[in-house]
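Novice: According to Swiss-Prot, the protein carries these features:
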TRANSMEM  23-43  transmembrane segment
TRANSMEM  63-83  transmembrane segment
TRANSMEM  100-120  transmembrane segment
TRANSMEM  129-149  transmembrane segment
TRANSMEM  158-178  transmembrane segment
TRANSMEM  181-201  transmembrane segment
TRANSMEM  208-228  transmembrane segment
TRANSMEM  265-285  transmembrane segment
TRANSMEM  293-313  transmembrane segment
TRANSMEM  331-351  transmembrane segment
TRANSMEM  362-382  transmembrane segment
Amino acid sequence: MAGIEGFAAIRGKLAQSEAAPGIVLIACAALALLIANSPLAAAWHALFHHPLPWTPVAKLDTLHLWINDGLMAVFFFVVGLEIKREVLAGELSDARRRRLPVLAAVAGMAVPALIYLAITAGQPALHRGWAIPSATDIAFAIGVLALVGRGLPPSLRLFLLTVAIVDDLGAVVVIALFYTSGLKLAWLGASALILAALVLVNRMGVRALLPYLAGAVALWYTVLHSGIHATVAGVLAAMTVPLALNRRHDSPLLRLEHALVAPNGFVIVPLFGLANAGVALGADFGESPALPLGIAMGLLLGKQFGILGSILVAERLGFAHRPEGASLRHLWGIALLCGIGFTMSLFIAGLAFPETPMLVEEAKLGILGGSLVSALAGLLVLRGSGRPVV
């Protein structure tokens, strides 16, 4: 019992710190958008994309690359820690409780992708972007949920977090399987050896953090050169960090996650937003609106239909039950908030169209538009959820 209480206490502290980073991220996204449409736009672009005078890693020769391939690996490391914690000691550890959020997350990824592919059906060059509207931004969504105020069932926030974590796991799998090219076997072999060494360290019962952190950096370096996106290394390394509590109720994973929550939420993700969210609203993106429209509709409509539809079907079939105290309107609002793609969607957009900056800019427009409308709609629906609903 003491072990379970220890997990719950640290889990509670982590949960309490999730709203503020979302609000900071919203502010950074707004600032990036403002600068991109101001006389400072050219200087801002040069700041992130001009070659650095010196870099310790030749492949990362701009600030933008260091943020997207370097700092974002730390972001994915934290995502990996969250996933492992939830699977072993959280909501996803109970088969009955994980049914609904897992089903909702899978449907919430599949339906947006199908809507995107339907809208871009006549343009095969755009099909690589199918995963862009499938993502959910945990920090952004929790930040908006915090603006609703009190009066919502506690189970709703937990449901949103669990769906978003499963969604993150799906995004990691998608990145590893569909956005990998030019594999280099020697670097892959080196990555496999480092990962095996980390697993061995775990099996030996080592609880000091230094071996895991050193191994994570080495794994990131080899994966960066292997052809697989470097951020995947963050998730793989996180999976080797031990979760189990010792007699003093100390868990290396929880200790590490707790230490990284603030840097991740207040430094890494906001920097990513500043470097990637800016888009010139008056720019000429070409004749076809299919790319931004497909992304926006995938986020706004796909998430609603996928998540809310899967919940209703699961209830009707007796497969799962809605969160305690949640009404249909509550769940509709949560489905809308899951349409806030932002961080992960922007990240996938860069992977989908690495050689075509114009398509990335178009994708940004769809991501920002779809995420903004989803956020506002979700806020309105949840703020009015005090009225009698089914």
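Cβ atoms are placed via backbone N, Cα and C, with glycine included.
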Novice: Is the count of Cβ pairs under 8 Å between the transmembrane segment (293-313) and the transmembrane segment (208-228), pairs 6 or more apart in sequence, 3 or more?
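Specialist: Not in contact, no.
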Novice: Checking distant contacts: for the transmembrane segment (181-201), what same-chain residues at least six beyond its ends satisfy Cβ-Cβ under 8 A?
Specialist: 211-212, 215-216, 218-219, 222-223, 225-228, 233, 236-237, 240
Novice: May I ask whether the transmembrane segment (63-83) has at least three C-beta pairs under 8 Å with the transmembrane segment (129-149), counting pairs 6 or more apart in sequence?
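Specialist: Per Cβ check, the transmembrane segment (129-149) does not touch the transmembrane segment (63-83).
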Novice: Please identify the stretch among 63-83, 100-120, 265-285, 331-351 with the greatest number of Cβ pairs below 8 Å relative to the transmembrane segment (208-228).
Specialist: 63-83
Novice: Grab the same-chain neighbours of the transmembrane segment (100-120) for me: Cβ-Cβ under 8 Å, and only residues 6 or more beyond its ends, written as numbers and ranges.
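Specialist: Contacts with the transmembrane segment (100-120): 91-92, 126-127, 129-136, 159, 162-164, 166-167, 170, 290-291, 293-295, 297-299, 301-303, 305-307, 309-311, 314, 319-323, 335, 338.
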Novice: Could you pull out which residues elsewhere in the chain have a CB under 8 Å from any CB of the transmembrane segment (265-285), counting only those six or more residues past its ends?
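Specialist: That would be 17-18, 20-21, 24-25, 27-29, 31-33, 35-37, 41, 44-45, 48, 63-64, 67-68, 71-72, 74-75, 139, 292, 342-343, 346-347, 350, 358, 361-362, 364-365, 368.
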Novice: Among the recorded stretches 23-43, 158-178, 362-382, which has the greatest number of Cβ pairs closer than 8 Å to the transmembrane segment (63-83)?
Specialist: 158-178
Novice: When you scan the chain for residues with a C-beta under 8 Å from the transmembrane segment (362-382), skipping those not six or more beyond its ends, what do you find?
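Specialist: Distal contacts: 29, 33, 129, 132-133, 137, 140-141, 144-145, 147-148, 152, 276-279, 281, 285-286, 291-300, 303, 329-330, 332-342, 345-346, 349, 352-353.
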